[in-house]
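What TrEMBL says about this one:
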- Ile31, Gln32, Gly33, Arg46, Thr91, Pro216: substrate binding site (BINDING)
- Cys50, Cys54, Cys57: [4Fe-4S] cluster binding site (BINDING)
- Trp56, Cys57, Asp58, Gly93, Ser134, Pro135, Lys136: S-adenosyl-L-methionine binding site (BINDING)
- 37-216: domain 'Radical SAM core' (DOMAIN)
Amino acid sequence: MFKTENHTKLLTDDKDFLEVEYPVMEHFYTIQGEGAHTGRASYFIRTAGCDVNCWWCDVKDSWEEEGHPKLTVGELVDAAKESGAPFVVITGGEPLLHDLLPLTLGLKSAGLQVHIETSGSSPLSGQLDWITLSPKRFKKPTEEVFAYVDELKVVVLTNKDLKWAEENAEKCPAGTRLLLQPEWETPKSIDLIVDYVKENPEWGISLQTHKFLKVP
Ligand code: SF4
């Protein structure tokens, strides 16, 4: 778990933090489709804005903040709470481009667990119960993030990505879930991953099950 230290002022300032706005591409109640929490009901908040620019990105509409509505913490917390989801997944875009302290405090105050999916390339912020690091070679993670990683999920297209996965795993705490995920449009990555996991059983495979099942 990661916690920004000095949040007392936010909690005592007449709850002004509920008025803080974030650019949001979409937010919806769904099933977590990939990673360690696959199959669990969860509320997704996809912030807009990303400076990583992976060429194979499947949410390129999230790269620019402009053109997306700005929603307050209060609006997002209400929607997540009303859904009945036990936890919220903050994703992007790159969610750490934004100071997540107000949003995560709002969600935590409403009794929700907060997960994040991040490239780790911008500083950590907020109160985060589960950190999924999906590091990208195009914009490397900060060194700070590794101490807090719960799940390392590396998208694999070629052998270079397996090497990249190993380099990142060396920096993660003992007990981190280590997952390799085939890139959806690159079928040969499946063979690479299957062979690798058979030889390195500390790693597992993450699949984008929501794409198989067509869960939005
Ligand atoms: S970090 Fe995520 S949102 Fe940003 S370009 Fe890469 S895959 Fe897309």
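Placement of Cβ uses the backbone N, Cα and C atoms for every residue, glycine included.
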Of Gln32, Asp58, Thr91, Ser134, Pro216, binding-site residues neighbouring ligand 1, Cβ under 6 A: none
Around the Cβ of Lys136 (S-adenosyl-L-methionine binding site), the count of other Cβ atoms that are within 10 Å: 19
By Cα-Cα distance, the member of binding-site residues Cys54, Cys57, Ser134, Pro135, Lys136 nearest Thr91 (substrate binding site): Ser134
Averaged pLDDT score, the domain 'Radical SAM core' (37-216): 94
Local Cβ density at Ser134 (S-adenosyl-L-methionine binding site) - other Cβ atoms counted within 10 Å: 23
Pro216 (substrate binding site) CB neighbourhood, other CB atoms within 10 A: 9
DSSP state at Lys136 (S-adenosyl-L-methionine binding site), helix/strand/coil: strand
Nearest recorded site to Lys136 (S-adenosyl-L-methionine binding site) by CA-CA distance, among binding-site residues Ile31, Gln32, Gly33, Arg46, Cys57: Cys57
Largest tally of Cβ atoms lying within 10 Å of a Cβ, found at which of the binding-site residues Ile31, Cys50, Cys54, Cys57: Cys50
Chain-internal residues, separated by at least six, CB under 8 A from Gln32 (substrate binding site): Thr38, Gly39, Arg40, Ala41, Ser42, Val89
Other CB atoms, at most 10 A from the CB of Trp56 (S-adenosyl-L-methionine binding site): 11
Candidates Cys50, Cys54, Ser134 (binding-site residues) - the one closest to Ile31 (substrate binding site) by CA: Ser134
Long-range Cβ environment of Asp58 (S-adenosyl-L-methionine binding site), under 8 Å and at least 6 residues apart: Trp184
